Amino acid sequence: MSTDVRLHGNPHTGAIEQDSSRVSTTQGTPLDVAPLGLSAKPSTDAPNVPLSSVEDAGHRSPPAAQPGYDLPPEGRTTLEDGHYRPSLESQTDHSAHSAPMSRVTTDADGNTYPEGGLEAWLVVFGSWAGLFAALGLVNTIGTFQAYLDNHQLEDYSSGSTGWIFGMYAFLTFFCGVQIGPIFDAKGPRFLVFAGSVLVVVQMATLGLCTQYWHFMLVIGVTGGLGASLIFTPAISAIGHFFNEKRGVATGIAATGGSVGGITFPLVLEKLFPMIGFAWATRVVGLICLILVIISCLLVKSRLPKKPASKENVLPDFRIFREPKFALTTAGIFFVEWGLFVPISYISSYALAHGVSSQFSYQLLAILNAGSFFGRWIPGFVADSLGRYNTLIATVALCLVCNACLWLPAGDSVPVMVVYSVIFGFASGSNISLTPVCISQLCKIENYGRYYATSYTIVSFG
């Protein structure tokens, strides 16, 4: 005698029902038997539905009736075709520890953003590495200036040597007026590669410089162009992968400049007396080489390339007719005008007030350590409380810090240290939040143009 237990599924709920058990004798006579706890039903009422069909019916049920679905907010879809997909949790063991899928968001123009995932975070890491090299060197100008003032360029005033590093900072931001449109049209790969070559050449030849014009050419021109070619694409590429989390992602990438500003002064401070200026700068150049290779491999765009027309690759200053963009640029101009003064002169200020050369270099590293947290933490706050609100608050903190700490500091080393930490934190958000604020004023396909054009005006500060 064999037992045939038949199940059927409800196509609307996906539930499995056991209607009856059929017991057949050796002669094949069917007998309806009611199992314990179940009522007997005629076998003809229940269609013979395979279990696999029941499972398929369950998975075809609407997302709202299924546990484990990642339902997007209203007006957003999780896939390009508009269909929902079960979460990773529902596809595996329903464990509370299962990792959910990254949420795709859509902006007002219909552009989608993965808001995470391996590809997106690798772009952030590539940008971090590029900014480590490019902005890390920019944040080390105080160390270079303090050394040159007392060695190769000791016959020149600090104001004269300051022009070298002023040109460096100027070109880092000014050249974006052309780099931004090229990025929007053709992507970041060629730009980052060209900038990487210039940064490595800068550090490889810096040790050969002996005259004022040598340093102006190598640091001011070559270094400024190289930093600009990396800086603009590295920041803008992140906007192609993040929208709601853009503040956090940009802040994480921007910490690369702070880490470089911590690392390079400490490396140079140790190596200057050990192996001399030339080889110390070459060691830093080797570090930069490794970093820019990573950046070249990982930084990329999600948008299709545009034709190389005048409208796509040439600057367009008509965007300043937009009041919000013009006022934002004016605000950033005045902020940057003040922020680079402490970064450039903090080490020279300490030396002038009797602080040892070793500690004066470390003071710049302390400032950049504060900047590390200032670029990262405000990004989380900005995505929740507003990007402009957060930026205004940190700029106000810079003002209070300068008025209450630096001006009355005098020869007090503890006050210098406290000032470096607080000012570093407050000023660090400027690099990470200004591009995010500007991105709110334009379409993502024009992000590079708007951001770089804004900083072209800012560079004159």
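Every residue number used here counts from 1 along the chain in the order it is shown.
Each Cβ is built from the backbone N, Cα and C atoms, and glycine gets one as well.
Features as listed in TrEMBL:
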type: COMPBIAS; residues: 77-96; note: compositional bias 'Basic and acidic residues'
type: DOMAIN; residues: 122-461; note: domain 'Major facilitator superfamily (MFS) profile'
type: REGION; residues: 1-105; note: region 'Disordered'
type: TRANSMEM; residues: 120-142; note: transmembrane segment
type: TRANSMEM; residues: 162-183; note: transmembrane segment
type: TRANSMEM; residues: 190-208; note: transmembrane segment
type: TRANSMEM; residues: 214-235; note: transmembrane segment
type: TRANSMEM; residues: 247-268; note: transmembrane segment
type: TRANSMEM; residues: 274-299; note: transmembrane segment
type: TRANSMEM; residues: 325-347; note: transmembrane segment
type: TRANSMEM; residues: 359-378; note: transmembrane segment
type: TRANSMEM; residues: 390-409; note: transmembrane segment
type: TRANSMEM; residues: 415-438; note: transmembrane segment
Confidence summary for the domain 'Major facilitator superfamily (MFS) profile' (122-461), mean pLDDT rounded: 89
The transmembrane segment (120-142) versus listed stretches 162-183, 214-235, 359-378, 390-409: most Cβ pairs under 8 Å: 214-235
Proximity of the transmembrane segment (274-299) to the transmembrane segment (162-183), 3+ C-beta pairs under 8 angstroms: no
Leading stretch by Cβ pairs under 8 Å, where the reference is the transmembrane segment (359-378) and the options are 162-183, 214-235, 247-268, 325-347, 415-438: 415-438
Within-chain partners of the transmembrane segment (325-347) [C-beta distance under 8 Å, separation at least 6 from its ends]: 139, 141-143, 145-146, 158, 162, 165, 169, 173, 319, 360-361, 363-364, 367, 395, 398, 402, 406, 416, 420, 423, 427, 430, 434, 437-438, 441-442, 450, 454-455, 457-458, 460-461
Selection from 247-268, 390-409, 415-438, the stretch that has most Cβ pairs under 8 A to the transmembrane segment (214-235): 247-268
